[in-house]
Every structure is written in C-alpha cells, then in structure tokens.
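This report concerns only the one structure given below.
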Amino acid sequence: MKIISAVAASSIALGAVSATTDHVSRMLVLGGAVVPSGTKTYTTGIRPTIDGDNFCGGSLISPTHVLTTTACLRGIKPPNWVSVGTHYLNGTHDGEQIKVVAAQNHTNFNSTSGSFDVALLTLEKPSRFKPVKLPAADDSDIVAGMWSKLVGWGYTGYPEKTKAYELQGVSLQVWDNEQCGQLYPVDDTMVCAGGVKGKDSCDGDTGGPLIKERGPGDEDDIVVGLVSWGSECGVGYPGVYSRVSKALEWINSITKGK
C-alpha cells in the first residue's frame, strides 16, 4: 500500500497538498487478531518462490485468477507464485501453491492519482478452493458506515516491523468518499476504511482484500476493496482501498472473456 505521511495527510485536509501527491505502498494488519485456520481460504499470498514469504496479498476470484493491486506487479520481487488456502506467511504446510503464468494491470491504471489500482494474475492450473464473491456493479455492496474486514499477513507491529506468521484480520469502518476527500485526493475508484489509531493495514498487506461479511461463515463474503495506499501505519487516518465494483467490466473481460 502507498503511504502519505501524517503531516502530509494533515496538509491535504488543509488544502496544502495537491491531488498529485506521491503515494507509498503499505503492507500490515495492525491491531487485528489471528483468523481461524481454514477460514478466509480465498485470501491469497503472492510470493517470488514456491515456499518464500508472501510479499503481497490477493483474492482468488475464479479458479484461475487472483485479484490484487499494481504495486505487486512492479516491485523488486516478482509475482511468480501464489499460495491459496494457506494460513501461513510462507512454506508449503497447507493449502496449495500455484505458479503464475500471466500478470496484467488495469488498462486505466493511473500511477499518479492511483485510480484503477487493480491487477490480475492468471494461474497455471485451477485452485481447488472456492473463490470469493465479487461486488455488485451498482456499488450497493459498499455503504458508508458499514463494517468491513481486512485480511492479510502484513506486519503486526510498527515501526518495529513485527511479521505476522499466521493470517490476521481486523475490522474497519467504511468512510464516505466526500468525508475522506477532506484528507486525501480520492476519486470514485477508491474507498476509505479505518481511521482508528492502532488498527490499520501497512507493509505486507498491499493488494489484499477488504471484505464485506454477510454471515457467520465465508460462503457469502464479498471482496469490496483492495489494499492500495494511505498515511503512516496506525496513526489514526483511514487507509485507501481500490473499489472493486469500479473495475468489474475489466475484470470480467479477462476472467470471462467478455
């Protein structure tokens, strides 16, 4: 996820920072708890090697496609493998590890504004795990004030950078875009969530899912956002997530050939 300093975020609120402010990637589940093993199995780790550490997160949205963000495709580490259905940061203890055969960014991605910060990975073979549901195109699955859940393997401590070995989750409240726009230069391809000090995403979670839970199990979970950018980890500002509903046409053009 990309980071704007707390000072810069305050300046944005005062109109002192332009909409072209640079963003810095984030990757952490701060203030969360371990997700029970065997749940949220659509959550995907992106790795350079079959048993290496996940450096980004993603979501299995079809048997052969993982949804993530563009930073995960252009970093130092190559997105060569995904871990699906695993509870752990690395290794081959559980779940499955599948080779990535293609990776592409949204055709409308804007690296300056961060708009359409969405990417897709195509897998060498189908996953046996059930994909997460995609949101409705009319944005009805994401409403200001609702609670959502961020899931990932990012740092659990900041600035000491304590790594999460097990999958973590934290509940975050969704903001109205107009309200969030007083802090950040956001547009309708983004959604803000969080804002409680000590509960946030940061280093390690980039690309991972922001989920709308619709029941006690995972069957009806919907991926409404993807970890994209924000202020320094856990300082009390919301994180900014890619709004998945705005990318559905592009996603379907690849996963369904439409």
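Backbone N, Cα and C atoms are what each Cβ position is placed from, and that goes for glycine too.
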Partner cysteine of C192 (disulphide bond, per Swiss-Prot) from C180, C202: C180
Cα-Cα distance linking N105 (N-linked glycosylation site) and C72 (disulfide bond), given in Å to the nearest integer: 10
Surrounding CB atoms that lie within 10 Å of the CB of C180 (disulfide bond), all protein chains: 22
Inter-residue Cα distance where the pair is N90 (N-linked glycosylation site) and C56 (disulfide bond), in Å: 12
For the domain 'Peptidase S1' (29-256), mean pLDDT (0 to 100): 91
Among C56, C72, C192, which are disulfide-bonded residues, the residue with the most C-beta atoms within 10 angstroms of its C-beta: C56
